């Protein structure tokens, strides 16, 4: 029994996105550029929200936390995937594989709940505007963010519990660019039918319940907005369009991968790239290009850091510290 429970596999082989050696340098350049854009875009949003007092509101507080989670979603596997594009045999240790499983479900689970919190924030702002600052107090915002991380942690812990005790003694090739839980469990040297059902039920419950809550929330909000025609409602419609776009882009691939059981591995790879790379890069674009307040704050931040003499002052301070 002890020997069966002990994993004999010390590493997994990641088959990656493509077997074409000619395509590897091109993919390396593209995904390196995309990952750098993700980091710069989301860090810029966090800096903008924290530095401008006009953006110290519940909506932008939740947006800054969304950007932080998006950095995590993009970083749990993308740097490893980019480095693997330069090597022939793409391997990952057993412990690192479990770490990827832990972080992907931590960040995606937290993001699902945070998106529900952002929908609730918009519901209160549009349907109960006179009580908005009372209901969405700073304490409530912190609690909502804490709940999102707590749900993500509980979700990923339960997912990892299904995998960590499985016996891995033979095949070790994962047909993806990271350790995707459904693919890893299929490599276990035992019948994983029940485990696969539990994984789908766990991820499916969180994904579908969050998605249904979002659908109900935005339906109520859209009905409220449709019955009003003021200028403020036009701004609300613009914000809602951004939120609904983000929700669709994020939940679509997740639901298809973890809830729909008949998708092929090649389709799963494309969808995994979409929610781990393209969604984190699209969120800053969607929220900034359609938001005048954020664009104005970014322009102010840019003018402050790039104003005449500012760069030279920073350089002088750095040189002073080095020679001190």
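One is the number of the first residue shown, and numbering goes on along the chain from there.
Each Cβ is built from the backbone N, Cα and C atoms, and glycine gets one as well.
Of all ranges given (98-120, 167-189), TrEMBL attaches the label transmembrane segment to 98-120. Long-range neighbours of the transmembrane segment (272-289) within the same chain, counting only residues 6 or more positions beyond its ends whose Cβ lies under 8 Å from a Cβ of the stretch, are 17, 31, 34-35, 37-38, 41-42, 44-45, 63, 66-67, 70-71, 73-74, 76-78, 104, 108, 176-178, 180, 242, 245-246, 249-250, 253-254, 257, 295, 298.
If you look at the transmembrane segment (59-78), the same-chain residues 6 or more away from its ends with a CB under 8 A from one of its CBs are 31, 35, 38-39, 41-43, 45-46, 49-50, 100, 103-104, 106-108, 110-111, 114-115, 117-118, 121-122, 125, 141, 144-145, 148, 177-178, 239, 275-277, 279-281, 283-284, 287, 294.
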